[in-house]
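Structure first, commentary second.
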Amino acid sequence: MRKFKTESKKLLDLMINSIYTNREIFLRELISNASDAVDKLYFRSLTDPDVAVGRDDLAITVGYDSEVRTVTVSDNGIGMTKDELDRNLGTIAHSDSFEFKAAQAEAAAESEPGEAKGLGDLTDVDIIGQFGVGFYSAFMVGKKVRVVSRAIGSDEAWAWESNGVDGYDIKPAERAEHGTDVIVYLKDDTDEESFGTFATEHGLIQLIKRYSNYVRYPIKMEVTKSRKVEAPEPAEGEQPSAPTWESYTEVETINSMIPIWKRKKSEVSQEEYNEFYKTDFHDFEDPARTISVHAEGSLNYDALMFVPSRAPWDMYSKDYQRGLALYSANVLIMDKCEELLPDYFGFVRGVVDSSDLTLNISRETLQHNGQLRAIARRLEKKIKADLASMRDDDREAYERFFEQFGRTLKFGIYQSYGMAKDTLADLLLFYSAKQQKMVTLDEYLADAPTGSDAIFYAAGDSRERLASMPLVTTVLAKGYDVLLCDADVDEFCMMAMGTYGEHAVDGDDENKQPYFIKNVGAEDLGLTTEEEKKEAEEATESNAELFAAMGEALQGKVERVVVSTRLTDAPAVVTSEGGVSLAMVQVLKSQPGADDLPDLHLVLEVNAKHPVFATLQAAHEAGDDGKVRTYAGLLFDQALLVEGIMPDNPLAFAQAVAELMK
Ligand code: ADP
Ligand code: MG
């Protein structure tokens, strides 16, 4: 028996038992080797006139025997001589395929432009092998592996056989044609593991489709089918007999071969893209957008991405896993590679394929995440550009998209503390109270009165209620628009943005300032004249005693009571100081496990022109403290009610109203 040509048996043991997390990938590795062998033969046929093979004749065959418990992967590729069997399968971590690929690349680099013509297109060869360890993964599931191979141009075949422990034998064998069979004798089943499932039709088909669906040569397998047996015509007067079924077998190509993402966009119909999306990403609906990218340069890759029409049901749950499928040379590396997508584009589905990636040895992850990050950055730009063009060119579709995924975009701004603002802010839509439709921030600004320096919004849980809130109607009355934010994430997003765009101050292009994004309930909206401010301050001053009494009645609820500069019809309004709004606290309260709520600093603003104010003044002058107290409470509670917030003590509120009605 020959010994494996690595110093230690431990290395082999390590290869077999430690580098892979997933036993089922052995099939992917054997099929990849078969694909390489076929690729090499095809390449040889381009250069060697003695080797005549048509590309259409090249194939990989997978078979199994559930009795003997074997899985066989065969190819009609280049095959191996006795020496090659010894060298390639006897030396761990020696990859002949890698050397082949390197030699091709060198030849291509050295050849003069016209010279390589006879070789056909070199990119037609897509070698997968790299590390020289994939083959040994067969020993994860096999107690014995037998390889029968006949090299092209040779008339002898050889069989290599090993139990994967201490060595291997090479003996003469028979094989009708060039090519290789790898026969894996499966391990015995244990309580934990059933290796036998690998020797089933269903098990193998699943694995082929999962990992090797886009290998470029047909992977054939004999599959069982059933058909109806035509019953003979019944004789006169006889009942026709029930039809019977018989099963038969047929060789089928299991993989779909053509990686659609490698084809030029102009050569693929939208129907084909839709079909691919629906089948591979399990959706019933066509995608809303299809984004195809072919990058050549320092990093070569192809990507095909889709924006679904509808958010998947688990999109907003913890379990939702974002990511794009990652392929290297048509072989699946990872189902969902998270690093390829930022959270806020997590709804995008698709694949990325690159032969340039340096994979780690198990082909399960990458060695250098720098490559991945570079790809991710470019894909992010592509997605952004695509969404922006949908926003500009197909507004209806964009609004449908935004209904499904707008929350993710808004959440992205909030979650990144505004860092993602540059990418996302101009993609956002909000409902405009003035225009009564969804608008972008740019559209809001385009419509704003000249000299505007702010974007106003109101936040609460219902658009209708917001529209009728005094804080909103007074701003609208002054000719400014208000964005009505009724989603829980809205205000957090607005706060995280803080500002948007910029404008010249007093027509001076050298002096630019951003537009501030302001809640209509904030202290200073910048909409009152100095005169109005002064007037209100004086009125607050001259009613200091009354306001002190009201403030006392509302102790713990408001910081102070003042005369409002902003109200026209409503008697009073509650505003907040210091950036935390009532609506925000409402949202936080509704979150599970919210006990650490931020401090609210509320101010009761009263309308000095409202008859209620005169009533309060009269009560105060008459020394009717009880009435001042009750009215202060009522004003505060009804101001909250208008914003859709329940008073702390609804019963007291109702009793006070009933008392008034007596
Ligand atoms: P890799 O594919 O990364 O090179 P493997 O351990 O999978 O490493 O295979 C080692 C070598 O064995 C390959 O480089 C190739 O030369 C040879 N080999 C494996 N399977 C086949 C096959 N089916 N036909 C021809 N050569 C093969
Ligand atoms: Mg391999």
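Glycine is treated like the rest: Cβ placed from N, Cα and C.
Where the annotation comes from TrEMBL, it is an automatic prediction and has not been curated.
TrEMBL lists region 'Disordered' at one of the ranges 227-246, 527-546, namely 227-246. For the ATP site, TrEMBL gives Glu29, Asn33, Asp75, Met80, Asn88, Gln130, Phe131, Gly132, Val133, Gly134, Phe135, Thr180; the one candidate out of Arg322, Arg349, Arg363, Arg373 that the record lists there too is Arg363. Residues of the region 'C' (587-662) grouped by DSSP class, helix first, strand second and coil last, total 45 helix, 6 strand, 25 coil. In this structure, Asp75, Phe135 are the binding-site residues from Asp75, Phe135, Arg363 whose C-beta falls under 6 Å of some atom of ligand 1. In the predicted model, residues of the domain 'Histidine kinase/HSP90-like ATPase' (22-190) average a pLDDT of 87. DSSP assigns Asp75 (ATP binding site) to a strand. When the record's ATP-binding residues Glu29, Asn33, Asp75, Met80, Asn88, Gln130, Phe131, Gly132, Val133, Gly134, Phe135, Thr180, Arg363 are compared pairwise by CA position, the greatest distance found is 24 Å.
Residue counts for the region 'Disordered' (227-246) under DSSP, split into helix (H, G, I), strand (E, B) and coil, are 0 helix, 6 strand, 14 coil. Sequence-distant neighbours of Glu29 (ATP binding site) (same chain, six or more apart, CB under 8 Å from its CB) are Gly134, Phe135, Ser137, Ala138, Arg363, listed in sequence order. DSSP assigns Val133 (ATP binding site) to coil in the three-state reduction, placing it in neither a helix nor a strand.
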